[in-house]
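Swiss-Prot has this to say about the protein:
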REGION    1-20  region 'Disordered'
BINDING   Glu29, Asp168, Ser169, Gly170, Lys171, Thr172, Thr173  ATP binding site
Amino acid sequence: MSIPGLGQIAPQQPTTSTTRTITLRPFWEWRFEVPRSSIPTTNAAISAIGLGGAGAGGGGATVRLTSGTAERDGTELALNRTYTFPRNTQSKLLTYTGATLEVSGAFVDSVAQYPAPEASPQLPVLNLHFALQELRAAAAAGGSNHNNNNTNGGGAPGPRVMICGEKDSGKTTVARTLAALATRAGGQPLVGSVDPREGMLALPGTVSAAVFGTVMDVEDPAAGFGVSGTPSSGPSAVPVKLPMVYYVGRERVDEDVPLWRDLVGKLGSAVRDKFAADEVVREAGLLLDTPAASVAKGDLEVLTHVVNEFAGGLLGAGRTAGWQLTVTVNIVVVLGSVDLHAELQRRFENQRTVHGEAITLILLDKSDGVAERDKDFMKFTREAAIKEYFFGDAKRTLSPFTQSVSFDDVAVFRTPDALERAEVSAEMSHWTLAVMNASVNDPPEVIRQAPVMGFVAIADVDEDRRRLKVLSPVSGRLGNRPMIWGRWPEPYINLLG
């Protein structure tokens, strides 16, 4: 289908008031970007970028819904509550019924108008949600009529959706929106990400999955996928999620494909176990975000591997006899790439899941509101996530535990090619290390594929005294837990500087 994006108007011009009122009609979107630093204050520059509100150089945008309904990536805003969006936020607010917003602060914004709901890029996503809800209802009905002693938990589980597309195609936004809509409908879907570039409910450089059964944080720069949605030593604005996390320690999959494959397999096994143990989660299904992929770059094997790992030997690659996996990707959503859709359709057209289902390919147009994220944006996002993990944000201040430990009391492993014990040195300063749920006496392959317990930051290395200053989110000795020093995220930052 075509999404023309008709009626998009020029960015709003500045006003003399610090607060503006924006009126949205049904299916209109208010799109905004809070810059990383100050906004130009000359009249010409302001006119060029459309400064929302006054007070250039402010640290964020504030929004209040005064009438109607509005949501951010599927999570509703409460009426007459003030929301603050921090620096480096790129997002939108959508209304299905019409809404009035009061906005203030320093940001770039515009209103996307559509002559009819059919022209909105959100309508296909909403229709997809309703179709998934029908599949969830069918799974619930099938499960209730099946013998509960079956180890597979009944018939086919709810929909298992893999979302893919090229770089900056809106994959994560669609995954987040579908998760929020499913949660609002009373479901508890499993949501996963096998893209190490950003991290979901964890620091960048990881793959993870978690049950989403509660509301997401509207004010989170990642709209509910950030580290603010996980347990911490301080209060949380929303109920926290409990992710299963595996540490890749690389930015891109192609930097270490064998390692990524192994960890995706571990994540698939964790998802399988959760489906087997929790009927409610099983009925809600899976929503899986994937790394950017294109036919031209030869990324198809990455997506094929994801389907294979979450499909119980669907493609018959390297599975032992008796391999059973209840989590089977049966829906592949492709955003904005006709070539990618056609190639995946060709690869999967004759395949069936372990439940006898055909794999459905769905092509959705890329939203005209998707923002392109440059290297500076991604670097700021990574550093902000690390800082928030240890120190919290504007709503929640955390005080990391600082301890001085001897070189002899820690076990650090590094990953140049294979995992090996590393000598502690000044080079380690300001890096973030993953603490693994394993023992230092375990074989290297066990340590490398173990789940992540948490992260620590090396604030300082004193080679003369052979001491490390370590920041951790909670108090407690590191004990015999091995730590992995990866290649990424970098460049590293001085959290205490």
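Each residue, glycine too, has its Cβ placed from N, Cα and C.
The maximal spread of the ATP binding site, taken as the longest Cα to Cα distance among Glu29, Asp168, Ser169, Gly170, Lys171, Thr172, Thr173, is 19 Å. When other Cβ atoms within 10 Å of the Cβ of Lys171 (ATP binding site) are tallied across all protein chains shown, the result is 28. Counting every protein chain shown, 24 other Cβ atoms lie within 10 Å of the Cβ of Thr173 (ATP binding site).
Annotation for the binding-site residues Ser169, Thr172: lowest Cβ count within 10 Å of the residue's own Cβ, Thr172. For the binding-site residues shown (Glu29, Asp168), fewest C-beta neighbours within 10 angstroms: Asp168.
Its Cβ placed at the centre, Gly170 (ATP binding site) has 21 other Cβ atoms within 10 Å.
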